[in-house]
Amino acid sequence: MPFDFRRFDIYRKVPKDLTQPTYTGAIISICCCLFILFLFLSELTGFITTEVVNELYVDDPDKDSGGKIDVSLNISLPNLHCELVGLDIQDEMGRHEVGHIDNSMKIPLNNGAGCRFEGQFSINKVPGNFHVSTHSATAQPQNPDMTHTIHKLSFGDTLQVQNVHGAFNALGGADRLTSNPLASHDYILKIVPTVYEDKSGKQRYSYQYTVANKEYVAYSHTGRIIPAIWFRYDLSPITVKYTERRQPLYRFITTICAIIGGTFTVAGILDSCIFTASEAWKKIQLGKIH
């Protein structure tokens with residue numbers, strides 16, 4: 001007797017003339033297909049969309065930076081002449097720089113009555129401060145007006161990623177134009193190292209920061225102290241890492257198979273129950289079942 005390979009077929013075909021179509025079965029089949037289509041599109045969207053997950057760990061991620069952090073500052077002082085505006089930098093490693101001018105620019109505002117300071121500089125990875133003041137001016141003004149607007153203050157590379165909502169420019173748009181003109185302003189910054197890793201494994205390094213601020217008129221035993229805008233910073237030991245991830249193909253295929261198989265199975269059970277109940281009801285109406 002020749003071997004019949006067809007005996008391994010677990011999907012035996014039933015002739016159409018031995019099956020009975022029903023309206024209920026048609027409705028269930030249409031609903032089943034629509035439900036499968038909806039779930040398939042939902043899973044496909046999730047498969048195509050890149051997910052960004054974050055984690056925290058203790059480390060210095062950017063060890064190749066030489067212990068430096070790049071800073072970008074853009075600030076307007078509408079009531080202070082440009083020749084009076086200067087940037088001073090100091091930290092716990094002994095750095096003390098007055099009137100930093102490298103990679104900086106002063107743009108006159110209000111016909112020269114005000115000034116917009118834009119600068120890029122680097123700071124050491126130790127606690128310290130940088131401040132905008134009149135300390136570097138050859139002739140100190142009597143009452144410098146330190147009201148200001150901060151357009152940008154960022155550390156490290158600028159990350160422009162849709163899925164990440166971090167405090168990379170937390171002070172952007174800060175407005176102190178209605179403050180006491182003679183007051184100093186202290187911004188206390190906690191800088192948080194941040195790593196962003198894309199799907200290819202390429203990493204970019206940046207820094208987020210939290211901020212608290214206070215405004216005060218400072219005095220010493222010799223009288224009122226010349227006001228300034230202070231940015232006092234410290235680094236957090238915690239690093240935030242964002243990683244782009246996409247659902248693996250095998251998991252997507254497994255989910256689609258589960259959706260199709262599970263939906264058809266449940267729909268088949270539901271159709272069978274409805275059909276059996278309707279047949280039993282017909283027999284009751286015909287008096288065949290008492």
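Each Cβ is built from the backbone N, Cα and C atoms, and glycine gets one as well.
With a threshold of 8 Å between CB atoms, the same-chain residues lying at least 6 positions outside the topological domain 'Cytoplasmic' (1-26) that come near it are 271, 274-275, 278. Taken from Swiss-Prot, the feature topological domain 'Cytoplasmic' covers 1-26 (among others).
Residues annotated as transmembrane segment in Swiss-Prot, with sequence analysis given as evidence: 27-47 (among others).
What Swiss-Prot records for 48-254 is topological domain 'Lumenal', and it gives sequence analysis as the kind of evidence.
Swiss-Prot lists Asn74 with the feature N-linked glycosylation site, giving similarity to another entry as the kind of evidence. Around the Cβ of Asn74 (N-linked glycosylation site), the same chain contributes Arg116, Phe117, Glu118, Gly119, Ile150, His151, Lys152, Leu153, each under 8 angstroms and 6 or more positions distant in sequence.
Marked as transmembrane segment by Swiss-Prot on the basis of sequence analysis: 255-275 (among others).
Sequence annotations record features per position, and here Swiss-Prot assigns topological domain 'Cytoplasmic' to 276-290 (among others) based on sequence analysis. Long-range contacts of the topological domain 'Cytoplasmic' (276-290) within the same chain, counting only residues at least 6 positions beyond its ends with a Cβ under 8 Å from a Cβ of the stretch, are 24.
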Mind tallying the topological domain 'Cytoplasmic' (276-290) by DSSP state, helix then strand then coil?
10 helix, 0 strand, 5 coil
Give me the DSSP three-state residue breakdown of the topological domain 'Cytoplasmic' (1-26), ordered helix, strand, coil.
11 helix, 0 strand, 15 coil
Kindly state the mean pLDDT of the topological domain 'Lumenal' (48-254) in the predicted structure.
86
